[in-house]
Amino acid sequence: MPWLLSAPKLVPAVANVRGLSGCMLCSQRRYSLQPVPERRIPNRYLGQPSPFTHPHLLRPGEVTPGLSQVEYALRRHKLMSLIQKEAQGQSGTDQTVVVLSNPTYYMSNDIPYTFHQDNNFLYLCGFQEPDSILVLQSLPGKQLPSHKAILFVPRRDPSRELWDGPRSGTDGAIALTGVDEAYTLEEFQHLLPKMKAETNMVWYDWMRPSHAQLHSDYMQPLTEAKAKSKNKVRGVQQLIQRLRLIKSPAEIERMQIAGKLTSQAFIETMFTSKAPVEEAFLYAKFEFECRARGADILAYPPVVAGGNRSNTLHYVKNNQLIKDGEMVLLDGGCESSCYVSDITRTWPVNGRFTAPQAELYEAVLEIQRDCLALCFPGTSLENIYSMMLTLIGQKLKDLGIMKNIKENNAFKAARKYCPHHVGHYLGMDVHDTPDMPRSLPLQPGMVITIEPGIYIPEDDKDAPEKFRGLGVRIEDDVVVTQDSPLILSADCPKEMNDIEQICSQAS
C-alpha cells in the first residue's frame with residue numbers, strides 16, 4: 001500500500017508525512033487480529049488508565065477494564081467481515097472505514113462537561129481521548145477481513161497537558177490499544193487523496209457525524225467529492241450496531257458488575273427513604289452509592305418521582321418532597337467500565353404499602369414475571385410487548401380500572417395506562433443500538449430491559465379513586481441465554497415483603 005508504514009516504527013511527525021504518502025508494506029507484520037506482544041505500555045500517565053498506572057483497574061493486555069486488546073481486535077475483524085459481505089458485487093477494490101471520536105463539549109466558557117467517548121469509536125478500539133480518528137483499511141493483495149487499524153490522536157503538547165492532563169500520544173495509543181499504527185491527528189489529511197480514488201469505497205456516517213469539527217475539516221469535503229463518483233460514501237453505524245447487539249462473555253461480565261453495584265445502591269437508597277423525604281436526597285444518595293462502589297458516572301439523569309409525579313414517565317426535576325403514605329418510583333442506572341445498567345423500583349417511603357398500592361404493585365409484578373419468562377431465543381421485544389399489553393388489559397379489568405371495554409379496544413386502553421414499550425436493548429448505551437428493530441428474534445448474548453408499568457394520574461376520573469395518583473414500574477436487565485434468562489438486576493429487591501423489610505430499617 002503506497003502510504004503504509006511498517007508497524008513498529010513511530011517516527012517524528014515530519015517523517016510520518018512521508019510514510020503516509022508512500023512506503024513499502026511490512027510483510028513480517030500480522031495485521032489486525034493479534035496485537036504486537038513486544039509493545040510495552042509507556043511508564044508514564046496516559047490519557048486514560050493503563051495497566052501500568054492503574055493496576056487496580058486493568059490487568060496486563062487490557063485496554064479498558066475486563067476487555068483485552070484481542071477482544072477489540074476481534075471486533076474490528078468482525079466488522080470487516082460484515083463489510084466484505086456488504087461490498088460483494090460493488091465496484092471498488094479498497095475498503096476504508098472511518099470512525100470519529102467525540103469532541104469535548106462545554107457547558108459554559110472554559111467549563112467542560114465530563115468527557116464521554118462516542119460508543120461506536122470506543123467499541124472498536126477502546127481509546128478514550130477526544131479529537132481522534134480510527135481508520136480500518138483493507139490490505140492490497142489480501143482479502144477482507146484482513147486489514148490494518150490506524151489511530152490518529154492529538155499530539156502531545158506540554159502546554160496543554162499542564163492544564164488538561166496527560167495525553168497518550170502515538171506511542172501510548174499504539175501500545176495501549178494494540179492497533180497497527182498511530183499518527184498525530186494532523187496527518188490524517190494525507191489519507192484523503194487515496195480515499196477519494198474511484199477504487200476506494202469509504203464507510204463513514206456522514207449523516208450523523210460524532211465530531212462536527214473533524215467532519216467539517218476532513219470528511220465533509222471527501223463525502224461531497226465522492227458523491228459525484230460511483231463509489232459514494234456508505235454508512236457504517238448499522239453494521240457496528242449489529243455487532244454491539246450480541247454481547248461477548250467479557251461484556252456480559254461487565255454488565256453483571258454494573259447490575260450488582262446498582263442493585264446495592266437501590267438497597268442503600270431504600271434504607272434511607274424515611275418519610276417525609278426529599279427527592280433530591282434520594283437522588284444524591286443513589287448517585288453516591290453507585291460511585292462509591294466503582295461506577296464511573298450515572299448512565300442517565302435518574303427519575304426520582306414521588307406520589308403522582310411517578311405518572312410523568314421522564315420526570316427528572318427531582319425537587320419535591322415525598323410525603324408520608326406516598327410511593328417513590330426510582331428509575332436509575334450507572335455506567336461502569338463502559339457498560340450501563342437500567343433498573344426501576346417503586347416502593348413506599350414509609351415502609352408499608354397501603355392496600356391500593358399493594359394491589360397495583362402486585363399486578364405490575366405479576367405482569368413483569370410473565371414477561372421475563374418470555375425472554376428466550378426466537379421471541380422478540382415486539383412479541384413481549386404485545387403480551388404485556390394483553391396482561392395489562394386483563395389486570396386493569398380485574399382491578400376495576402377498565403370497565404365495559406370491548407376486547408378489540410383492550411390494547412388501546414392498556415396503552416393509555418402504559419404508554420411506553422416493554423423494553424429496549426441495553427449495552428454501552430441505555431437505549432442501545434437504536435437502529436436495530438425490536439422485531440428482531442432474540443438471540444443468546446442480547447441484553448434487554450423488561451419494564452412494564454401502570455400509571456394512573458390523580459385526575460383520571462375513569463379509575464377508582466383509591467388508585468388515582470399511583471404509578472408503578474418495575475424494570476430488570478436481562479441477558480438472553482440458550483436456557484433461562486440471566487437477570488443482571490436479580491440482587492435488587494422487588495418482592496413486597498423484601499421491600500417492606502428493608503424500608504422498615506430506614507434510618
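Heads up, the Cβ atoms here are built off N, Cα and C, so glycines get one too.
As recorded in Swiss-Prot:
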type    : residues                                               : note
BINDING : Tyr300, Asp331, Asp342, His424, His431, Glu451, Glu475 : substrate binding site
BINDING : Asp331, Asp342, Glu475                                 : Mn(2+) 2 binding site
BINDING : Asp342, His424, Glu451, Glu475                         : Mn(2+) 1 binding site
REGION  : 54-79                                                  : region 'Interaction with TNFRSF1B'
TRANSIT : 1-31                                                   : transit peptide
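Beyond the region 'Interaction with TNFRSF1B' (54-79), the same-chain residues lying 6 or more positions past its ends with a Cβ under 8 Å from any Cβ of the stretch are 32-35, 97, 122-128, 136, 145, 147, 149, 176-178, 236, 239-240, 243, 248, 250-251, 253-254, 337-338. DSSP assigns Asp342 (substrate binding site) to coil in the three-state reduction, outside any helix or strand. Secondary structure counts, DSSP: the region 'Interaction with TNFRSF1B' (54-79) has 11 helix, 5 strand, 10 coil. A sphere of 10 angstroms centred on the C-beta of His431 (substrate binding site) encloses 13 other C-beta atoms.
Here the region 'Interaction with TNFRSF1B' (54-79) returns a mean pLDDT of 97 for the predicted model.
Taking the Cβ of Glu451 (substrate binding site) as centre and 10 Å as the limit, one finds 24 other Cβ atoms among all the protein chains shown. The Cβ of Tyr300 (substrate binding site) lies under 8 Å from the Cβ of Gly332, Gly333, Asp342, Val430, each on the same chain and at least six residues away in sequence.
The most densely surrounded of the binding-site residues Asp331, Asp342, Glu475 is Asp342 (count of other Cβ atoms within 10 A of its Cβ). Cβ neighbours within 10 Å of His424 (substrate binding site), excluding its own Cβ and spanning all shown chains: 20.
Within 8 A of the CB centroid of the Mn(2+) 1 site residues Asp342, His424, Glu451, Glu475, the other residues of that chain are Asp331, Ile343, Thr344, Gly423, Leu426, Thr449, Ile450, Asp476, Asp477. Under DSSP, Glu475 (substrate binding site) is assigned to a strand (E or B) in the three-state scheme. For the substrate site, whose binding residues are given in the record as Tyr300, Asp331, Asp342, His424, His431, Glu451, Glu475, the maximum C-alpha distance rounds to 16 Å.
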